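As recorded in Swiss-Prot:
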- Thr26, Gly27, Ser28, Thr29, Asp79, Gly80, Ala81, Asp82, Lys92, Gly93, Gly94, Gly95, Lys119: substrate binding site (BINDING)
- Glu101: active site, proton acceptor (ACT_SITE)
Amino acid sequence: MSEAKRLAAEKAIDYVEDGMIVGVGTGSTVAYFIDALGHIGHRIKGAVSSSEQSTARLRQHGIEVLDLNHTGNLSLYVDGADECDPNRCLIKGGGAALTREKIIAEASERFICIVDPSKQVPVLGKFPLPVEVIPMARSLVARQILALTGGQPVWRDGVVTDNGNVVLDVHNLQITDPVALERSLNQIPGVVCVGLFARRPADVVIVGGEPPRVL
């Protein structure tokens, strides 16, 4: 699948225009995108990064990393996904960067999602749904998620997000209405961010292959 990831990432470079500030996500597919972006780094103003991991890789390529508070809205955001449904709704957060990813997606005019074919699903939920939670609310949120969804929340032990929070992964879901579930989970006190990108789905999904498919 690494070749499919690389092909999807390189296709996303087609959407990068001269003088842009590019929003950059996190994960193994995005790493290929950052490497490809490095070849045209002289053409862009810089990048806004969703994680310390991506920031380090961008800087290795000599790309300036900028603060979203100083850039205003972005023209383009490129990120991967753990699952993608036919409506371009996504599960994200396997790398625990979901909150910053969602912030950058919201600030961007266009969200390009790059995936390998294994990430395409008819219904979201086989991949456990990440939920970023304030540490003191972990047990409370887990109980409320169980009551609300019937899914099984599991604490991702040992993982602390770049924001200093913890992650619950919710197993055994079949998400037939992602927008409604995203809204409901966001109402639970202590929830920082839900790894459903449904209210703001991807605008374009690029599926790696020979040739890549654009959805």
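Please read every residue number as a count from 1 along the shown chain.
Cβ coordinates come from backbone N, Cα and C, glycine included.
Source: prediction; values computed, not measured.
A straight line from the CA of Lys92 (substrate binding site) to the CA of Glu101 (active site, proton acceptor) spans 9 Å.
Listed binding-site residues: Lys92, Lys119; maximum Cβ neighbour count within 10 Å falls on Lys92. Excluding Thr26, Gly27, Ser28, Thr29, Asp79, Gly80, Ala81, Asp82, Lys92, Gly93, Gly94, Gly95, Lys119 themselves, the residues of that chain whose CB lies within 8 A of the CB mean position for the substrate site are, in sequence, Gly25, Val30.
Taking every pair among Thr26, Gly27, Ser28, Thr29, Asp79, Gly80, Ala81, Asp82, Lys92, Gly93, Gly94, Gly95, Lys119, the residues recorded as binding substrate, the greatest CA to CA distance is 15 Å. Least packed by the Cβ count within 10 Å, out of the binding-site residues Thr26, Ser28, is Ser28. Separating the Cα atoms of Ala81 (substrate binding site) and Glu101 (active site, proton acceptor) is a whole-number distance of 11 Å. Taking Cβ-Cβ distances under 8 Å and a sequence separation of 6 or more, the neighbours of Gly94 (substrate binding site) in its chain are Gly27, Asp82, Phe127, Pro130. In the three-state DSSP scheme, Glu101 (active site, proton acceptor) falls into the helix class. Listed in sequence order, Gly23, Val24, Gly25, Thr26, Gly27, Val30, Ser50, Lys92, Glu101, Ile104, Ala105, Phe111, Ile112, Cys113, Ile114 are the same-chain residues six or more apart from Asp79 (substrate binding site) with CB atoms under 8 A from its CB.
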